[in-house]
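Copied from TrEMBL, the annotated features are:
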- 100-133: transmembrane segment (TRANSMEM)
- 199-218: transmembrane segment (TRANSMEM)
- 337-356: transmembrane segment (TRANSMEM)
- 362-386: transmembrane segment (TRANSMEM)
- 422-444: transmembrane segment (TRANSMEM)
- 487-506: transmembrane segment (TRANSMEM)
- 518-540: transmembrane segment (TRANSMEM)
Amino acid sequence: MQVVVVHDSSGGRVACAAFRTHHGGGCYSEEEWRRQAWLNFSGAFQRCGPSAVCVAGHESCQDACSADVQCEQFPLRLCSPEIGQCVHKPLFGNPAGADFAAAFLFFLISGLALSAGIGGGGLYVPLLMIILGFQVHEATAISQPCLAGGAASALVYNLRQRHPSGRKPMIDYDLVLIMGPNLLVGAMVGSFLNFSLPSWLILVMLVAILCHSAFKTFKKAVETLRKERAGEVRGLKPNSDARLSKNPIERCLKLLGLSKRYAEFEDPGGPAAPPSVVGRELDAGQIKLELQNSVDKDPEGQILEQKMAREPSLDTAQVSQTSQNVGQEPQYPRGKLIGFLLMWVVLVCSIFFRGGHATPGIVAVCSSMYWVIALATAAQLVILSISSSANAMRMEAERVHAGRPAQDEDAIQWTFRTAVSVSVWSLFAGMLAALCGIGGGMIMGPKLLDLGCLPQVQSATTATTLFVMSTSTTIAFLVQGTAPIDYSLFLGLATAMGAVVGKAVIGWVVKRTRRPSVIMFILGGIIATSVAVMSVTGFIDVVDDIIQGRDLGFRDPCIVA
């Protein structure tokens with residue numbers, strides 16, 4: 001027997017426990033593991049693992065189990081009588097409280113994360129391991145349906161929203177079509193590197209990059225908050241009409257009679273209503289003319305009625321045509337939506353062609369045709385991104401040549417340098433997302449804020465690209481048989497509901513307080529929290545690899561696959 005004593009900084013004993021001595025690299029059984037005090041981490045990396053059990057005598061680990069209590073993290077993992085190995089319990093199996101607790105936490109995380117335009121994968125993976133006892137590869141697979149559920153409902157919500165200026169949709173479709181394909185190409189590369197790179201290198205890259213992203217986000221949030229306090233609020237018109245809002249929170253408050261008409265946001269000395277409001281009033285025939293300041297007078301102050309009579313009046317058709325010429329963009333641009341759908345279809349078809357362990361494709365993994373299909377998919381996505389970049393640069397050049405000012409102060413000035421910068425960063429973000437199980441928004445969100453995007457636009461745009469990445473990755477994991485369907489559907493539904501509620505609540509708070517910096521602080525907070533949690537879990541994995549004697553060098557992805 002061996003007695004282990006843990007002391008605090010003052011020398012006092014805070015924990016002690018007795019362990020059997022190891023016999024040449026032995027192990028601890030689940031029963032003995034639970035006897036140790038909670039502060040004793042002496043055997044933290046000497047267990048058999050979730051799918052194996054420690055045999056009598058603590059000599060070695062074996063795959064076969066005979067009772068549920070032998071399984072690590074029992075009762076979350078049980079001994080399967082069919083295969084004789086420890087597997088995860090089914091959904092709502094005893095104890096079901098952990099399932100509902102995880103769903104509630106994911107509901108909250110999704111609401112906060114999607115309101116900032118990120119998925120929350122950096123928190124889903126550790127929580128799936130800690131609360132529900134999933135293995136790393138299982139947790140990574142289940143996190144993707146969670147991301148997909150939240151991203152899908154956020155996309156439906158964002159599709160109906162207008163830009164704060166009222167002149168265009170909230171989603172920047174040009175940015176989606178330039179950034180999205182490169183994110184997907186990067187994710188394809190990252191999925192292969194995930195099998196090749198050692199865990200310690202992935203951990204170092206993750207911590208370094210996300211720490212930088214969190215710092216940049218908090219810095220931008222503080223700068224924006226200072227401008228807001230100085231009265232320089234960007235992205236919210238002071239005379240915006242609440243009648244045009246599609247926010248469910250505002251609608252509920254109005255239905256209950258608890259909401260005002262946002263009179264505190266109106267500026268009596270400000271300009272006329274924005275084009276979106278004026279256009280709708282013109283179309284409805286509700287325009288009112290103030291004759292006192294709009295008609296000509298002679299030197300004696302008499303109205304020149306004859307001149308007014310000679311001037312033609314605007315009929316309804318002319319008024320409607322005029323309202324369409326004030327720079328309005330359609331809510332659902334058909335061509336750009338087709339490009340968005342094409343991007344998703346290309347990747348999903350490629351996944352089914354290549355197949356996986358649960359659903360074999362038409363070609364063998366790592367065969368010549370496998371790489372041909374992968375390269376063809378990447379080429380199509382790159383072509384879509386280049387054509388979208390060329391179209392955005394052409395429209396920007398035409399605007400500058402015509403001498404027209406930018407419609408909105410947050411509009412990205414699409415130059416060759418900007419397009420290359422966004423494309424390269426998107427490739428890198430997609431690669432890191434596939435390596436570490438995050439959504440990519442943690443990297444691209446701060447970058448878009450640096451480019452001048454409003455927080456609301458950045459949130460809606462990155463959430464849209466997250467939909468393509470997460471849904472395609474979910475399909476890939478289901479094809480490979482890695483993600484359990486019951487947990488995927490249940491937790492995906494929880495994040496979908498959380499995303500709708502979260503975006504509605506945060507959107508209402510931003511409009512009510514006229515503080516878009518709220519979104520920036522949420523983004524930075526989630527990134528910082530994810531870095532802390534993933535650093536701890538990643539460090540444990542690295543130390544576990546060292547103690548277990550696993551190879552810490554580069555590996556062949558085809559052999560691992």
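Using N, Cα and C of the backbone, Cβ positions are placed for all residues, glycine too.
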Paired segments the transmembrane segment (199-218) and the transmembrane segment (487-506) in contact, 3+ CB pairs under 8 A: no
Sequence-remote partners of the transmembrane segment (422-444) [C-beta within less than 8 Å, at least six residues beyond its ends]: 116-122, 125, 140, 143, 147, 151, 175, 178-180, 182-191, 193-194, 197, 202, 205-206, 209-210, 213, 385, 389, 451, 462-463, 465-466, 469-470, 473, 526-527, 530, 534
Residue numbers, six or more beyond the limits of the transmembrane segment (518-540), whose CB comes under 8 Å of its CB atoms: 44-45, 109, 112-113, 115-118, 120, 122-123, 125-126, 129, 199, 202-203, 206-207, 210-211, 213-214, 217-218, 220-221, 224, 436, 438, 442, 445-446, 449, 455-456, 458-459, 506, 509-510
